Amino acid sequence: MLPTTISRLLQAYPFTLLQGNPQQPVTGISIDTRTLQPGDVFVAFTGTRVDGHERIEEAFSKQAAAVIISRPEAQYALQNFAHFPVLLAQDTLQAVQAIARQERDSFDGPVFGITGSNGKTTSKEMLLASLSTVTQPLGTKGNFNNELGMPLTILQRSPKDGAMVLEMGMRGRGQIAELCQIARPTCGLITNIGHSHIELLGSQEAIADAKTELFAALPADGFAIVNMDDPFLKKRIHRTKAQIVDVSLHDQTCSVYANDIQLGDEETSFTFVMNGHRHSVRLLASGLHNVQNALLVLAAASACGYEIEGLIQGMATYRPTQGRLYPRKGAYGRTILDDSYNASPLSARASLDVLKITGDVKKKWAILGDMYELGNYTEEGHRTVGEYAAHLGIPVICIGQFAKIMADAIAQAGGKCEYFPSIEEALPHLPSLLPVDSVVLVKASRGMQFEKIVEHLVNG
């Protein structure tokens, strides 16, 4: 955050200043004494395993500028720090959100909000890469995309930052709207509407309603980047008062579309067409879904006034991140497509498409596991992925409880499949099942811990 004072924080939220000088300088916000820097305000969150109030003395010993507490009695444990500022908040989360909102209100650059069922993290990383040659962007790190992580991202702002790129996650209705009240995005990008969180929301229609809270929050002079290939998003264009930038892979009636798409093992090229102007793009990532992500990203940054050739130059520096279709060298000449971070029916089909165009047609396998949070769509979701793998002619090793549905669907469709109930039962059989010099896709929901399989295949 930009340098400020306790006095200004008191304007952001109705704190009670229990002790200390309101003119005390502040240079940051921290919720972890392990990473706290001198000048930070330490926020004492009370969690299920750790109570930050027990770390207050440690924070002051590390030269914290102040502490924010929610338990008034904690003040009396600070006899050796009587002159240090202590602020009392009714709710520490709301306090951090309010300070982040204040920080955002002092920023006049573009703020990009990104959400979607699949591809939001990839799109965020693509946008950060694209912007890196034309400005200094501040972006979400890791999975800091919720009601605490996103405000903490905003509070990492430095004076040199020219744009904010904020990933927005959600698990229910109203959560994107809540994040938008803090971030006030000027450009909104929604990748797609899939089945993630359908267990909680009940239908893709409900998921679309929740995700498009981002479009509804945009100002009239902002930009809504709409994936017109997604029927759920196309149907909800009316929710925004912002200027619409319509994007499609192939529909040339849209403002933005792709032409001359060339898909390779690890590299993709295409022509980015925006308002009739054509630009060649080289992307060090594979798959048609990544072309779509790149289209949305370039459309968003271009709409906000950044020069397209500079954005394309930055896009060329993008690299897939580990766990997200990340190619790794495995033992015995195998190439491992590590897509173990998460899975849904939509992303699983996209990953199978990438595997289909990668390497020797006779030497490719997929290791697929359970996809969680599908609710009533669990059976159909696993069945459709199995049928799709069989249609592509890709042999599959299915692992997990729900993956049995996938395995049965593959067998019924005439495909090749091996099934194991657990990772532990599968690991001893992998060396004999997977050919030398093969390409192996590894994908499942995060809870399946398929990174164990990736490491096993990498280390032999």
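Just so you know, glycine gets a Cβ as well, placed from its N, Cα and C.
Owing to the predicted nature of the structure, the values given are computational and were not obtained by experimental measurement.
What TrEMBL lists as domain 'Mur ligase N-terminal catalytic' is 26-102. This prediction places the mean pLDDT of the domain 'Mur ligase N-terminal catalytic' (26-102) at 92.
Among the features that TrEMBL reports, domain 'Mur ligase central' is placed at 114-301.
As annotated by TrEMBL, ATP binding site applies to Gly116, Ser117, Asn118, Gly119, Lys120, Thr121, Thr122. Within 10 Å of the C-beta of Lys120 (ATP binding site) there are 23 other C-beta atoms, taking all protein chains into account. Look at Lys120 (ATP binding site): DSSP puts it in a helix.
Per TrEMBL, domain 'Mur ligase C-terminal' is recorded for 323-446.
Residues within less than 8 Å, Cβ to Cβ, of Asn118 (ATP binding site) and separated from it by at least 6 positions along the same chain comprise Thr191, Asn192, Gly194, Ser196, His289, Ser344, Leu346, Ser347, Ala350. Other than Gly116, Ser117, Asn118, Gly119, Lys120, Thr121, Thr122, the residues of this chain whose Cβ falls within 8 Å of the Cβ centroid of the ATP site are, in sequence order, Ser123, Thr191, Asn192, Asn293, Ser347. For Ser117 (ATP binding site), other Cβ atoms within 10 Å of its Cβ number 24. Ranked by how many other Cβ atoms sit within 10 Å of their Cβ, the binding-site residues Gly116, Gly119 place Gly119 at the bottom. Under 8 Å, Cβ to Cβ, and six or more positions away along its own chain, Thr121 (ATP binding site) finds Asn143, Glu167, Thr321, Arg324. For the domain 'Mur ligase N-terminal catalytic' (26-102), DSSP puts the residue distribution at 30 helix, 17 strand, 30 coil.
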